[in-house]
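Only one structure is covered here, and it is reproduced in the block below.
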Amino acid sequence: MGRMNSAMVIVVMGVLTIASCAQAQLRLGFYGQSCPNAEKIVLDYVRSRIPKAPSLAAALIRMHFHDCFVRGCDGSVLLNSTKIANASQTEKVSPPNLSIRGFGFIDGIKALIEKECPGVVSCADIVALAARDSVVTIRADRRRDGTVSNFTEALFNLPPPTFNFANLTVVYASKGLNITDLVLLSGAHTIGVSHCTSFSNRLYNFTGRGDQDPALDSNYAARLKQKCTSLADNVTIVEMDPGSVRTFDLGYYSLLLKRRGLFQSDAALTTNAAAKAFITKLLFAGAMEKMGRIEVKTGSAGEIRRNCALVN
C-alpha cells in the first residue's frame, strides 16, 4: 500500500475500532479460545488480496465507519433487503451506502471462518478486523451481529460530505465521539477516491448562485474543475488526497491547512480552533517521527553502548 505513518495509523484505527463502539461490552482477544485462528484467517486473507486491489483498503475502512454510525458496530450494513432484516429496504441500499464496496470480500472471509469455527465469529467483527488489517494489525473485540437494518436510519445517521463543523460535532457526539475523534477519523480520507457529485457544489454552485466555495484554494479548485466539468458529472472519480491515494499518512492534514480539503466536511475541520490546533499537533508529531528516521544505524552498523557517554 506504500509507506505508512505508523503513529497515524495506530491512533486513527484505534479510535475507529474502540471509540466508535465505546458503549458496547467489548473485550480484547475474545476469540482466543472459541476460535483461536480467527484473526490469522482475516489477516492472511487481507494480506493476500489488498496488495492486488489496494483501493479496497479505503473501501473497508469506509464500510466499518458506515456500519458503526447506524445502530452501532453490528454488521447491519451487510444485510440485504429481505424480511429477515426487519425492513423493506436496508442500509445497504440507502443513498449514502450505494457506493460502498467490499461486500464480497467480507463474504469470502466469513466463509473461511465458518469452516474453522461455525457460528462463533460475528460478521461485525470480521468487518472491523478487515478494516484494520487492511492498514495495520490491531486486535479485535467482540461484537454481535444485528438483526435490523433500516434504509432511513442510514440517511439520518451518516454525516454527508456537505456538513459544517457544528453538524459534524452533533453527529459524532451522538455516537460518544469528541472533536479529537472527529479529526482522527476524518484522516481516513488520506486514502481512497470520491465521485465528483460529493463535492462539485463547492466548485459550481456553493450558495445556489453559481459560485465557488471561498474556503477552497483557487488553484486546487481549478484542477478539480478540469476533472469534474459540471454539476451533472456523476461518473468521474478523483483522489481524496492527491498523490497519496494508496498511502496512509499525514498528507491529508497538510492539505487541510492549505485549504485543499476535498469535501466541505474536510474544510470544516479548520474552522474550529480546537480542531485546527490538534491538526497542527498531528503534523508536528509526524515531522518528529520522520526526523527520527534520519540516517539511522541498523543491523551490524554501530553498536549498543554500555555507557551512553563512551564508545564500548
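Cβ coordinates come from backbone N, Cα and C, glycine included.
Noted from TrEMBL: Cys35 is disulfide-bonded to Cys117, selected from Cys21, Cys68, Cys73, Cys117. If you check the binding-site residues Asp74, Ser76, Glu91 against Cys68 (disulfide bond), the ones with a Cα inside 10 Å of its Cα are Asp74, Ser76.
Comparing local CB density within 10 A for the disulfide-bonded residues Cys68, Cys228, the maximum falls on Cys68. Using His66 (active site, proton acceptor) as the reference Cα, a 10 A cut-off selects Gly72, Glu91 from the recorded positions Cys35, Gly72, Glu91, Cys117, Cys228. Cα separation, Asp74 (Ca(2+) 1 binding site) to Cys123 (disulfide bond), rounded: 8 Å.
Neighbours of Cys35 (disulfide bond) among the binding-site residues Asp67, Val70, Gly72, Ser76, Glu91, defined as a Cα within 10 Å of its Cα, are absent: none qualifies. The Ca(2+) 1 site, placed at the center of the C-beta atoms of Asp67, Val70, Gly72, Asp74, Ser76, Glu91, has further neighbours from the same chain whose C-beta lies within 8 angstroms: His66, Cys68, Phe69, Arg71, Cys73, Gly75, Val77, Ala124, Gly146, Ser149.
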